[in-house]
Amino acid sequence: MSLSGLRKQFNKANQYLSETMGAAEPTKLDDVFNEMEKNVDTTYNLITDLVAGTNEYLQPNPATRAKMATQVALSKVRGTTKTSPYPQTEGMLADVMQKYGQQLGDNSDLGKSLNDAAETYRQMADIKYQMEDNVKQNFLDPLTHLQNNELKDVNHHRTKLKGRRLDYDCKKRQQRRDDEMIQAEEKLEESKRLAEMSMFNVLSNDVEQISQLRALIEAQLDFHRQTAQCLENLQQQLGHRIKDAAARPREEHVPLSVLANESRTPRSSFRSPAPSDMSHNSTAAAAFKMPPQNGGGITQAPPSYQGPPPGGLPPPLSQQQKPQCRALFDFDAQSEGELDFKEGTLIELVSQIDENWYEGRVNGKTGLFPVTYVQVLVPLK
């Protein structure tokens, strides 16, 4: 910098300090110019915040945005241009649905429905990528161009105007020669005119900026139209899936026993008499009568068999007086101290342990068994 230029910068700094301290009064610009400056500052801040807000709307995850910015920086350092796209939430949801739809398989109606939904959400993710490209091309790029070019030129003229105004006020305060004052005044007027015209051009371009805002709305509207159509198609597909699943006959399922393929626990060697044996013994016993009390001989009744009474054979008289129950199901003892029996077995009740277990006796063997497996014939006293 030359000596004259250094002196000029020193004079400007001196004038600025004097104005700040209140020792000098700056040259006032007209109200129209001041209002235009205010509107330009507002426009600059508007574009800065609007671009940031739009990017956050398109890519809402800040951690992912930071990661992508780091990848872009590393790609520039390495000299590569390969970058991964922003992971859309619709695409991530589609991956989850497809994963479990494949695990359930084509035999599952739910699995096929999940695959249908995954395909639809993947289409929605592609549509959102198209919306991002559209918004970037027709909204973000024009705003960024306005900020980096027109507004940058406006601020350049404003900065130059401020410097020439300080130079003019400094020479005016120092009462320089007329030719220097005239030259400083001409430069001040020129800078003020350039700055004002550049601000006017930016502020009078509302039509273009409104058109850019409309492009943003149109891109969003087109996105929602296409995604709504995709969801309506998916809704119809799932309706058909529901009808097919409801029309299919319901399959019956019988659970397999845990011990179906294993040998059961060996039973006691004692075998309870078969119903036919019990019937034969009862018939044989009924063929004889006790001798009369007057000492007469034994009389034999003619053998006859009337068959078992309805509902099965009644227990002997001695058993009817004792608390007893009849087994409703087979019960296999699972631990020591339990009493196993077959369906229809008569069990002598010894005691009730609690609300879930009885203690009983069968063929001289005593043990525990569940209450729900038997029907009480003669209750405990």
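Cβ coordinates are placed from backbone N, Cα and C, and glycine is handled just like the others.
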I'm validating the feature mapping. Which of 1-21, 85-105, 127-147, 337-357 is tagged region 'Membrane-binding amphipathic helix' in Swiss-Prot?
1-21
Determine how many residues of the domain 'SH3' (320-379) DSSP places in helix, in strand and in coil.
4 helix, 31 strand, 25 coil
